[in-house]
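Chemist: Next up is a structure, given as structure tokens.
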Amino acid sequence: MKRSSVIPGAAPMVPLWRQPRVRALVWQVALVVALLAIAVWLVTNARQALDERGMTSGLGFLFNAAPFALGEAFFSFRPGSEYIDAIAVGLGNTVMLSLLSIVTATVMGALLGFARLSRNVLVAGLAGAYIQAFRNTPQLVQIVFWYSFFTLMPGPRQSWSILDLAFASNRGLMVPAPEDGGVFLAVVAMLVVGALLAFGISRLADRHRRRTGRRWKLQKVAEITAFLLPAVVTWLVAGAPSAWSVPELKGFNFVGGATLAPEFLAIYFGLSFYIAAFIAEIVRGGLVSVDAGQIEAANAIGLSRSDLYRKVMVPQALRVIIPPLAAQYVSLVKNSSLGVAVGYPDLFSISNTVLTYSGRTIEVLCIMALIYLALSLTIGAAANVLNRLVQIPER
Amino acid sequence: MSGPASFALPTHSPARASRIEVRGPLAFARSHLFPTRTTGIATLILGAMVAVALWHILRWSIIDAVWYSPDGSAACRTAMGACWAVIAEKYRVILFGTYPYDQQWRGVAIVAVWLGWGVVSATNWLAVGTRLAGWTIVYVGSIVLLAGGVLGLEPIGTDLWGGLPLTFVIFGGTVAGGLPLAVLLAIGRRSQLPVVRLLCVATIEGVRGIPLLALLFFAALILPLFLPPELSVDKLIRAEIGMIVFFAAYAAEVVRGGLQAIPEGQDEAAQALGLGYWLRMRKIVLPQALAIVVPALFNDIIRAFKNTTFFSILGLFDVLGATKAALQDPEWVRYGTEGYLFVFLLYFLICSAMSRYGASIEQDNQSRLRRAV
């Protein structure tokens, strides 16, 4: 066989179709053309199908009057309002339900995660049993179970009484509520603000102590004041309303208090209890991941048990906990769409109603999907920011 | 003033008793339940509460329960406890849905084969290839048996399929169809070609950002609009496509984790030997990556099993949908709690078994790694 005479220094002639760059370009152009062709084919089909059924398209329908009524939840909807209002009500209900469930699931999950690691076998065993039971069953079965549980409860006259303050019956859970709901919400919001202030003060005090070696004498007092002051001031400014409305059986139903409908309870319990089991496992994994040497060192320098958790274990565990925790939050928000199974008016079930009444299947489903996508991406972005804050800076 | 010459004690210190580890149930209870007085009291209070709760549960579920109610739900109406008679009455509907009554032996056969092969697969008696080949035969066999129309079996439309066989078939299809797609998406996401990479990232992140229910509605409601009328696809298959895509998007991220764990040198060495892209993937990269991610994939597989319940919202009769339908019966509608507890237990047993198996693979993997080091 004859050797090809290659001139040293000159590039050997590789045929065009064997050059990686050319091949890559050809493949990608072919892929794009094929996808475009499929897209055009699909859209033509859809166009034809819509024309045959005499259906129109476009987003103008959003401002037409919607002829349906919706169940009561956080936000209510009057029949005759525009479709876009209905979707906004759904979004509001989904967000409120998700926030409430996220808080509940996080608190429960954190407690369960710590309990799972308890040296007390009874506590650890109970937590373990809960986690196994709620992790290994479908969320939808749990939601449907809770719904059937609450709707099959006895009527208001034979309701289960909890200290004569709250009543559980087939109408849902009646709980005492403050007469002035607006002030109550403002006070709760101010408590959150106070907690943030107190946290800020403790960070400042820590920094001061690290710089000078001295503690602030009044740190505890300042923190407690900062926590309570905004709420108390708000309450006093509003005229210090203290009346609570307690549900009371009158005739065939309860009056007074606030009603948590079976639909809400079912989806709320279903979302919180299921995700709590997953969060418990994440918290447990995070705590276990803290290096044993860190704990031994903390014990050796005589840190108290609360300081061991607060200053050593939790900050290190958070780095491991936050990314999977955010994934669970996304999963919770997405699965709030299961409200449709029990008739809770969340974004998904309202979109379902809207598409039935308006006939704009494609538009409504796309709007709904985009809103969920935006919610998921928001949580993801927030988690990324938080994650950057808790990372230990490497030198 | 000078200090003492030595700080050491001038005398011998008394010998300390060796730490004798006390064993036995009493010592265990002492260290794990009553280490200090306060925790001991807390344990007692908690224990008492658990005991009371367990007693109530026991009384409701066993002692006062009605197990058999021959004439309708009459016996249940006066009972204080659970009405398990609803299960005795409705188990055929719960387990087999609306499948024709006299043909339900096919469902029994399918469930038996799935459980049997599942147990065999969980052991190490057979090679992995044999187990997978067996699953292929089991899966195809299940569909043929459900559909009928061959070997003198009466053909039965997919609208009548239901219960546990349907749940198994949906689940099997999701995993069988989703895993290859997941692998393709994962290697596409790491591709050198920007267009391929972009497409895969958009698919994965887009699908992961929307609820499974939305995806199923897309598949069920919009897909038929976009396909020409002569290409109409069965509702069950349309929903299955949604399930497959959702599973693949999640599993793709798991597989990507495995691909990232393989050292670059493996791929480079294969390149140096002159292997082409697909050959390198098939023979060098994927076998190693998939072996790493099997335990993590099991979480997704279990979730796929749990997600089969979403079909009940589309009006298909998987176990949950069939149970809902069974409990519509006005005679038994009041015993929904018992009915759903049964379904809860059914899913719990299957999912726990799978999760145990997943954990055991992880342990095997770790011990193998330790041996390798």
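Using the three backbone atoms N, Cα and C, a Cβ is placed for every residue, glycine included.
Dumping what TrEMBL says about this protein:
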- A:25-44: transmembrane segment (TRANSMEM)
- A:56-75: transmembrane segment (TRANSMEM)
- A:91-383: domain 'ABC transmembrane type-1' (DOMAIN)
- A:95-114: transmembrane segment (TRANSMEM)
- A:121-147: transmembrane segment (TRANSMEM)
- A:183-205: transmembrane segment (TRANSMEM)
- A:226-244: transmembrane segment (TRANSMEM)
- A:264-283: transmembrane segment (TRANSMEM)
- A:364-386: transmembrane segment (TRANSMEM)
Chemist: Answer yes if the transmembrane segment (A:264-283) and the transmembrane segment (A:25-44) have at least three CB pairs under 8 Å among residue pairs 6 or more apart in sequence, and no otherwise.
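Modeler: No, the transmembrane segment (A:264-283) does not contact the transmembrane segment (A:25-44).
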Chemist: What residues elsewhere in the chain lie close to the transmembrane segment (A:25-44), defined as a C-beta under 8 angstroms and at least 6 residues from its ends?
Modeler: none
Chemist: What parts of the chain pack near the transmembrane segment (A:226-244), using Cβ distances under 8 Å and only residues at least 6 beyond its ends?
Modeler: 176-180, 183, 186-188, 190-191, 193-195, 197-198, 200-201
